[in-house]
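Taken straight from TrEMBL:
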| type | residues | note |
| --- | --- | --- |
| DOMAIN | B:17-103 | domain 'NAD(P)H-quinone oxidoreductase subunit 2 N-terminal' |
| TRANSMEM | B:20-39 | transmembrane segment |
| TRANSMEM | B:51-73 | transmembrane segment |
| TRANSMEM | B:85-105 | transmembrane segment |
| DOMAIN | B:132-427 | domain 'NADH:quinone oxidoreductase/Mrp antiporter transmembrane' |
| TRANSMEM | B:167-189 | transmembrane segment |
| TRANSMEM | B:209-228 | transmembrane segment |
| TRANSMEM | B:279-300 | transmembrane segment |
| TRANSMEM | B:307-326 | transmembrane segment |
| TRANSMEM | B:332-356 | transmembrane segment |
| TRANSMEM | B:377-399 | transmembrane segment |
| TRANSMEM | B:411-432 | transmembrane segment |
Amino acid sequence: MLLFDVSPGMALVSAVTVIRAKNPVHSVLFFIPVPRNTSGLLPLSGLDFFAMIFLVVHIGAIAVSLSFVVMMPDTKIEEIHENILRYFPVGGIIGLIFRWTNLETLGNLLYTNYSVPFLVSSLISLVAMIGAIVLTIHKSTKVKRQDVF
Amino acid sequence: MNDINSFLSRLNSTINFSTILPEIILIVGLITIVITDLVNKGKNAIFLYKIFLVSTLVSMGILFYQLISVIAFEDLYTNNIFNNLFRFFILICSFISVLLSVDYVLCSKISLAEFPLFKISAGLGGMILSCATDLITIYVSLEFLALSSCFLSGYTKRDIRSNEASMKFLLMSGASSSSLLYGFSLLYGFSDGQVQLDNIIDKILFSQYLPTICISAAFILAGTAFKLSLFPFHQWTPDVYEGSPTPVVAFFSVTSKVAALSLFTRLFRLIFPYLSNEWHIVVELLAISSMILGNLIAVTQRSFKRMLAYSSISQIGYVMIGILAADLENGYASMLTYTFIYIFMNLGTFARITLFSLRTGTDNIRDYAGLYMKDPVLTFSLVLCLLSLGGIPPLSGFFGKLYLFWHGWKAGLYISVTVALVTSVISIYYYLKIIKLMLTKTTNPVDTLKTYEKQKSLVSSVISTKLKSSVEMAMILCALASTLSGLFMDPIIKITRNTFF
């Protein structure tokens with residue numbers, strides 16, 4: 001019970017710290033408790049699968065890419081414009097759509113009734129991957145590459 | 001084994017795969033392009049373009065076959081004539097715009113292989129959007145179209161204007177998607193958990209939350225108006241059109257507008273018919289302001305692509321009149337015929353601009369001076385397309401506009417049609433200005449003449465003769481369609497007639 005009492009407060013405090021921290025590395029570090037606490041609240045409304053996915057996506061993907069963003073350029077500036085609080089309404093809306101808690105039910109619906117959006121989302125991921133590489137690849141002779149084939 | 005059997009039978013009962021066969025062929029084409037590029041290791045990239053063209057043509061063939069035998073089924077896809085026509089339009093757009101982009105991509109030495117990939121994915125997104133009757137499918141396909149267009153507009157990475165264009169496109173599509181999503185979430189809430197458009201309208205028809213449904217309509221209107229570049233949401237259009245590479249501008253000046261048109265019509269027709277007084281007034285206002293603004297600002301432009309951007313804003317204003325004028329006996333015939341003609345006019349003009357910019361490298365209207373002496377074929381075809389855009393008989397633009405304004409007048413939209421007529425006259429001014437510039441000899445820069453000749457020889461040494469004609473093939477196709485569609489209006493109108501739903 002203590003977990004669910006403390007979680008919203010900690011999420012809010014961490015979110016505020018993300019925005020207000022002077023050091024960008026602090027911002028990224030304090031970003032991590034936010035999805036952790038938010039996904040701690042989700043099993044309360046009965047969404048167990050969604051809580052786990054939330055953890056994987058937000059911490060595993062978004063926090064990691066945020067830390068890459070902080071690492072690469074020469075950030076002496078104090079601001080990263082990352083509004084964490086906007087996750088709450090989005091999470092609420094997505095929570096409204098996923099009313100089923102069981103993974104099997106979710107899979108059943110996703111693969112039959114909603115299979116077209118599912119396939120199109122997979123195509124979106126494919127195109128996004130290829131597009132990101134196309135836009136950023138820099139073929140120079142100084143880069144050492146691995147000769148796989 | 002039992003599970004798999006029951007799963008397959010459920011799958012077959014919910015989706016009829018023969019209906020989405022055109023999209024499946026495009027997906028197969030997409031995968032083939034990726035794999036072929038990987039296997040060939042970057043050589044022989046022209047083959048990829050041929051794959052694209054072949055798959056588009058096969059899709060079109062299958063779509064024709066389906067147009068004749070209409071299969072209707074439920075849930076995510078509806079297969080009525082309206083949707084099929086839009087799919088067909090988008091296939092035409094993709095086909096012609098790839099035809100005219102081959103030379104450009106070869107010459108500018110950008111990475112060759114992913115270009116047809118993005119075009120296929122954008123075309124696919126547009127096609128699925130035309131058929132979707134489900135909020136989730138609509139959103140996902142819209143995002144697909146926007147993402148691919150964003151990558152396309154930033155394709156020439158070393159050009160800073162291209163980077164700016166793709167940044168603005170990204171911001172615009174983000175704003176449009178978020179606005180649409182907010183409207184959709186309100187609809188989802190009020191219809192008590194329904195995602196499909198038919199079920200939503202059943203549920204919200206007699207609800208007492210009418211003011212809030214108006215708010216939802218406003219957000220959806222804002223979201224689609226971004227894509228259509230109607231008046232207050234048009235700010236992104238000139239910069240994006242000027243910065244992106246020319247064949248890409250050709251592609252999304254027609255494809256994303258056609259897809260957004262189908263989305264707009266379907267959403268507002270299906271969900272908000274009883275609000276039709278309210279949104280009719282708003283759309284009329286938007287259409288009038290787009291027409292006025294587009295035509296007036298296009299007069300002062302010095303860059304051809306920017307001028308075409310503003311002119312396309314005004315063309316969409318005309319098409320909005322067609323949407324408002326839809327009634328029971330004619331359906332959306334006026335809008336559909338005008339869209340069909342608009343595709344060819346616009347693509348034709350962009351084909352000629354691509355050819356010209358390949359040969360001289362400039363986009364300035366002043367540099368078109370005296371083109372008649374250097375290249376009469378290009379001049380003549382450009383004259384045809386520009387006059388068609390302006391609405392001069394006997395070209396098809398005139399017939400399209402005539403039909404559109406006649407229907408608008410019959411439907412009682414007197415102010416809109418009057419404004420449209422006045423602004424059409426203004427548009428003729430800036431189209432004729434270019435034609436006059438091309439046809440009159442000037443004593444102006446001899447150096448443009450010199451660079452013209454030099455580039456021409458450079459281009460033809462790089463490309464084989466087979467490919468050099470692909471842009472010209474696109475040009476000729478569009479020129480023919482621009483002129484002859486007007487004469488063959490009757491069958492086109494007959495097909496587009498029973499599209500009211």
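Every residue, even glycine, has its Cβ placed from backbone N, Cα and C.
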In contact by Cβ distance (the transmembrane segment (B:20-39), the transmembrane segment (B:332-356); 3 or more pairs under 8 Å): no
Two-stretch contact, the transmembrane segment (B:411-432) and the transmembrane segment (B:20-39), at least three Cβ pairs under 8 Å: no
Across the domain 'NAD(P)H-quinone oxidoreductase subunit 2 N-terminal' (B:17-103), average pLDDT on the 0 to 100 scale: 77
Range from B:20-39, B:167-189, B:209-228, B:279-300, B:377-399 with the greatest count of C-beta pairs under 8 A to the transmembrane segment (B:307-326): B:279-300
Cβ-Cβ under 8 Å with the transmembrane segment (B:377-399): same-chain residues at least 6 beyond its ends: 311, 315, 341, 344-346, 348-349, 352, 355-356, 371, 424, 427-428, 431-432, 434-435, 438-439, 475-476, 478-479, 481-487, 489
Long-range environment of the transmembrane segment (B:167-189) - Cβ separation under 8 angstroms, sequence gap at least 6: 135, 138-139, 142-143, 146-147, 149-150, 153-154, 195, 200, 204, 212-213, 215-220, 222-224, 226-227, 233, 236, 239-240, 243-244, 271
